[in-house]
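A short worksheet on the structure shown next.
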Amino acid sequence: MIHLKLAWHGVTHHKQEYGPFLLASIVLIAINFIFWNVSLNKTLKAMAFGDATIEITKVAIVFISLISLFLMFYANSFLIKQRGEELGLYNMIGLSNSDLRWILTLETALLYAISLIAGLISGFAFLKLAFLILQKLLTLKQSLDHFELYAVYTTAMIFALIFLALLFYNFYRVHTNDPIHLWNQSFKGEREPKSKKTLAVLGVVILAWGYWISVKTKPNATAFTGFVLAVILVVLGTYLLFIVGSIVLLKVLKKQKKIYYKPNHFIAISGMLFRMKQNGAGLASICLLCTSILVTMVGTLSLYVGENKLINSWNPYDIMFTTEKRLTSKQQRTINETASKYNISLSKKKQITMTTPSAGSIKKDKFETNNIMNATLQLSSLTLADYNSIQGTNIKLKKQQILLYDVSSKFNKKHITIRGQRYQVKKINNFKFAFNYQHAIVQPIFVVAADKSICSAINPQPEMVVSGFNIGGTKTNQLRFANSLQKNMKLSNETYTAAPIFRNLFQSLFGSLLFIGSLVSITLIFATALILYYKQLSEGYADRKRFQTMQQVGLSQKETKEAIRSQVLLVFMLPIVGAAIHFVFCIPMLKNILSLFSMYNTKILAGVSIVTLFVLAGGYLCIYFLTTKVYQELVNKK
Amino acid sequence: MNVLDLNHVRRIFADDKKNKVIALKDISFSVDKGEYVAIMGESGAGKTTLLNIIATLDKATSGSITLDNFDLNKLPEKQTAKFRREHLGFVFQNFNLLDTFNNRDNIFLPLVLAKTSYPEMEQRLRPLAEQLDIKSLLERYPHEISGGQKQRVAAVRALITKPDLVLADEPTGALDSHNTENLLQLFERVNAQGQTILMVTHSAAAASHSKRTLFIKDGQIYHEIFKGDHSRAEYLKKIMTSLAALSSKEV
């Protein structure tokens, strides 16, 4: 009974510490619960591309579970440090270690019960909303709203395991501490950290290397490896710089007597110097969390917003396919028959002959063929006559003149050298048959030459015929037509592309990516807020005595406030500024990755980036004001 | 000339109308420039309250208190901090040195808050460090030195602002007898150079280094002894006698 009482006392008398812990576990449980419901949803499973959504959700579940584990451990290590004093006291006045274990067990059970019940209730409450949003994002007609009992079970199990792990960790902590040690834990004297210049320089070098890779990597098949390497380097560099670099910087500042011996700097620099040793890692984590929120949101939002552009760039005509020769009348008939079967109207039927694209890249004003791994482009050529008849234009070209169309309109030179021959370039802004051959990850580029011989001089690949037409009819019929046409015409996936199929795929793919990206971002934001809150709380405790002494010696309330503000602001600004810088250097990389999805629109990326950055900074500022208040209260508490 | 003047100072703590605690009933005394006054009394006699009021950390309920011609009751809340760092020096029982500063910066703290220039701070520190023998400790941190050394550093921090009055709250409370003796001799020396000191203490031995001892009981000045021309031993004896009388019930 006494154990239960002490456990209850422990939780209810440390609201400031346990409150956020509970809030975080409730949110995490609710999000886990929602994710499990999505991954188990039967309606989704029965849909054509529902599998994609479910697979993405499963990845997200693993990610969220890991974040939960990490976050709960972080919060717990803070809690057990604070509780150490109290448990030491219990131990001193005669409670045995097994009594302490009992108290901890009851406490953990209590916390688990509260978080699970509240988490599931809020999960239920938001499930309807979540499904509604997902339905909108996937543009589905039927409702997804369905609750799975199994989701309750798995969520409860995952968190039971996490809480159990926390409990054993706390047992270990209590076990390894003798009472005197327990008692003194909260006020240990610490040495001033050493300045490790070499490591700091290494941090700068590693970070710069990561940035350099991000900026320099070309959008080809190896881009993904570069991306992973850049991420690893940036993570490493960030930790090194925050942990070691910050101390080096503060020490340099401390040596500048004119800067150091100013009231605000004096308090902030000396305080931070000791703080950074323990908090460098925490701040680096916050910085990386913010960066990943930015990248996730910008990536998923850009895909979602740019969906139509992507479909148009892949499918300037609703249905497109390539064949070796011009369509036979039999093939024409098949198309017409399939169309009438599904009540589909056909319009703007066009055929064009061009050379089969060859992979390569443009260096300065020279096109070089590469193997597909290093290629960033695929170049195809067609005759001026074909071009004029498709576009309805009447352009004339000399032998050394070409028309050039590239989707991203990056090329802006007056001349280009292809296969040793120099041509004068006229750029065109519109080409109705600009399509992505074989849905390649490289960007298509089209060259229009005066006649056939120049065409094959530019690209000596065999000719192919590209056919395209638009279709009209109901959405369902369009999809059915697109699917059965491919079958009837015996076209392979590489040679056939249909807008209805892509629209369907992209809507479920990008919609679910955005849905899950947002939920993951919310979780990350909570993680950031929680880490910041506990950081502020522990600093408030550590600084209370410091500021009280300074007030006695002559620091006024107003100056205290200012000193706290400048110190807290510095701590807060570091990660978000770091995240913004990371993000800026990540943009070229992000652009490359997106262009693998044939997204070449920089405007969308820029717009989405700016909006996301502002929203994140706004939320971050809110957390700042809230936690600063807690900190001030703690410091001024007598 | 009086540095400190207290006239019928009264301090009542009241949570509500029923629960009233009279911490200081009626206190009047003054401290001359260059004096060294010890205040003795049992726990709960009101010593801490008295010290807090003089230190501008608390305000008297009634009565007047002037320090260096400033009426402390009329001193606006916002200026108390500035007042403290310009007029008062503090020596605490627990030293109250900050672990995040080395000893030099701990000493500089009140000067930095007063926005003193670095060369001036160094200039002020040099003679004091010499006199209190802490030159070799300046670059080290408080947790790296002994209690006696810490209190010397704290004393330098109190003196470096050239305060009108040094307030010492049980300065020897956490020191062993050897260090206690050292610190008290140091206080005497500083006082001999003209520094006014007001010290609250439990220890008769500590009080015997002062020039005058005031005894407080139940929020009132109960008794007062001057050292005058007496030897330290005689003065100490008189303090002990007064203390015995103070603690006996019939008073």
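All residue numbers here begin at 1 and follow the chain in the order shown.
Any Cβ shown, glycine's included, is placed from N, Cα and C.
Note that TrEMBL annotation is computational and uncurated.
These figures come from a predicted structure and were not determined experimentally.
Pulled from TrEMBL, these are the features on record:
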- A:59-168: domain 'ABC3 transporter permease C-terminal' (DOMAIN)
- A:21-39: transmembrane segment (TRANSMEM)
- A:59-79: transmembrane segment (TRANSMEM)
- A:100-130: transmembrane segment (TRANSMEM)
- A:150-172: transmembrane segment (TRANSMEM)
- A:198-215: transmembrane segment (TRANSMEM)
- A:227-253: transmembrane segment (TRANSMEM)
- A:281-305: transmembrane segment (TRANSMEM)
- A:509-534: transmembrane segment (TRANSMEM)
- A:568-590: transmembrane segment (TRANSMEM)
- A:602-627: transmembrane segment (TRANSMEM)
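Where the transmembrane segment (A:150-172) meets the stretches A:21-39, A:59-79, A:100-130, A:227-253, A:602-627, the count of C-beta pairs under 8 angstroms peaks at A:100-130. Long-range contacts of the transmembrane segment (A:100-130) within the same chain: residues 3-4, 6-8, 10-11, 18, 21-22, 25-34, 37-38, 87, 90-91, 145, 147, 152, 155-156, 159-160, 163, 166-167, 170-171, 174, 515, 519, each at least 6 residues beyond the stretch ends and with a Cβ under 8 Å from a Cβ of the stretch. Recorded stretches compared: A:281-305, A:509-534, A:568-590; the one with the most Cβ pairs under 8 Å to the transmembrane segment (A:198-215) is A:568-590. The transmembrane segment (A:281-305) is not in contact with the transmembrane segment (A:59-79), judged by fewer than 3 CB-CB distances under 8 Å for residue pairs 6 or more apart in sequence. For the transmembrane segment (A:21-39), the residues of the chain that approach it from at least six positions outside its boundaries are 53-54, 57-58, 60-61, 64-65, 67-68, 71-72, 75-76, 79, 111, 114-116, 118-120, 122-124, 126-127, 130-131, 134, 146-148, 150-152, 154-155, 158-159, 515-516, 519, 522-523, 526-527, 530, judged by C-beta separation under 8 angstroms.
Long-range Cβ contacts of the transmembrane segment (A:59-79) within its own chain (Cβ-Cβ under 8 Å, at least 6 residues beyond either end) map to 14, 17-18, 20-21, 24-25, 28, 31-32, 35-36, 39, 158-159, 162-163, 165-166, 169-170, 516, 519-520, 523-524, 526-527, 530-531, 534, 537-538. Taking Cβ pairs closer than 8 Å, the transmembrane segment (A:568-590) reaches residues 210-211, 214-215, 217, 223, 226-227, 230, 234, 238, 242, 246, 268, 272, 275, 279, 283-284, 286-288, 290-291, 294-295, 298-299, 302, 532, 535-536, 539, 605, 609, 613, 616-617, 620, 624, 627-628, 631 in its own chain, all 6 or more past its ends. Mean per-residue pLDDT, taken over the domain 'ABC3 transporter permease C-terminal' (A:59-168), amounts to 86.
According to DSSP, the domain 'ABC3 transporter permease C-terminal' (A:59-168) comprises 95 helix, 0 strand, 15 coil.
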